[in-house]
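Right, one structure below, let's go through it.
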Amino acid sequence: MIDLAWELIPALLGIVASPLAIIAMIAVLLSRNSQQNGIMYWIGWTCAVLISVGLGYWIFARIEVDLTAEPPAWVPVVRFIFGLFLVAGAVWTYRRSRLKLTAMARADSLEDVVAAAPQLPGWLKTVDTFTAPRSFCLGLGIFLLNPINLSCAAVAALDIRLADLSTQVSMTFLIVFMILCIVPFSVPVILTLLQREKAGPVLERMRGWIVKNNANMSTIFLSLLAFMQIQKSLAELPWF
């Protein structure tokens, strides 16, 4: 069980440290009707986690496998594909962050700063117009339409599915993993509910920290997860 817990940490951090998801939530919480919109964004994110991780586990549990094979023949292939995809995701995350931060460093006017701000992708600059349903859809879509998040969720579901554990223990791991993916995103919402307008400066500082550090952290987590999946894939192949 301890080994499984350690194996799930990179996937968990890959989801929780998703820069775009965090920045989108902060943008929603700094918009009009921040409390209502923030709650709906969090509910959308929660639904996305439950759908992706739960559905992934259900699919892997329903796949017909040769129980005499250890591991099943399809597992190394799936792990290798996930590993390659996560490598691409890590490179993309790192390069995108560097390009946007370089543009920010060159900004010498307020207009330039707004144009270069990595925390405000073009479609988020209109977040003030978001209603509660739109905020829900944003929270849902920003996870489900992100292939990197889906890959992390699938890897976690696969590891839990293949662990040599009882059904009850596997379900416990699955539930705890989903809770840990959800709880961090509730913190800014709770802060906004409790402090209202006073939460603004805290959220701004949080956004500034994310701009400087979060993308690099995500790159590290994704690279570690990719390495683990490729290493497992090669170790499970019969000719290695």
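Indices start at 1 and increase along the chain as displayed.
A Cβ is built for glycine as well, from the same backbone N, Cα and C atoms used for every other residue.
No curator has checked TrEMBL annotations; they are predicted automatically.
Per TrEMBL, these features apply:
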TRANSMEM  12-30  transmembrane segment
TRANSMEM  42-61  transmembrane segment
TRANSMEM  73-94  transmembrane segment
TRANSMEM  135-158  transmembrane segment
TRANSMEM  170-194  transmembrane segment
TRANSMEM  215-231  transmembrane segment
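Tertiary neighbourhood of the transmembrane segment (42-61): same-chain residues 15, 21, 25, 135-144, 149-150, 153-154, 156-158, 160-162, 174, 177-178, 181-182, 185-186, 189, selected by CB-CB distance under 8 Å and a gap of 6+ residues from either end. Between the transmembrane segment (135-158) and the stretches 73-94, 170-194, 215-231, it is 73-94 that has the most C-beta pairs under 8 angstroms.
Here the transmembrane segment (73-94) has Cβ contacts under 8 Å with residues 14, 19, 63, 65-66, 147-148, 151-152, 154-155, 158, 162, 215-216, 218-219, 222-223, 225-230, 232-234, 236-237 of the same chain, all six or more residues outside its ends. Long-range Cβ contacts of the transmembrane segment (170-194) within its own chain (Cβ-Cβ under 8 Å, at least 6 residues beyond either end) map to 1, 4-5, 8, 11-12, 15-16, 21-22, 25-26, 29, 34-35, 38-39, 41-42, 45-46, 49-50, 53-54, 57, 156-157, 160-161, 163, 202-203, 206.
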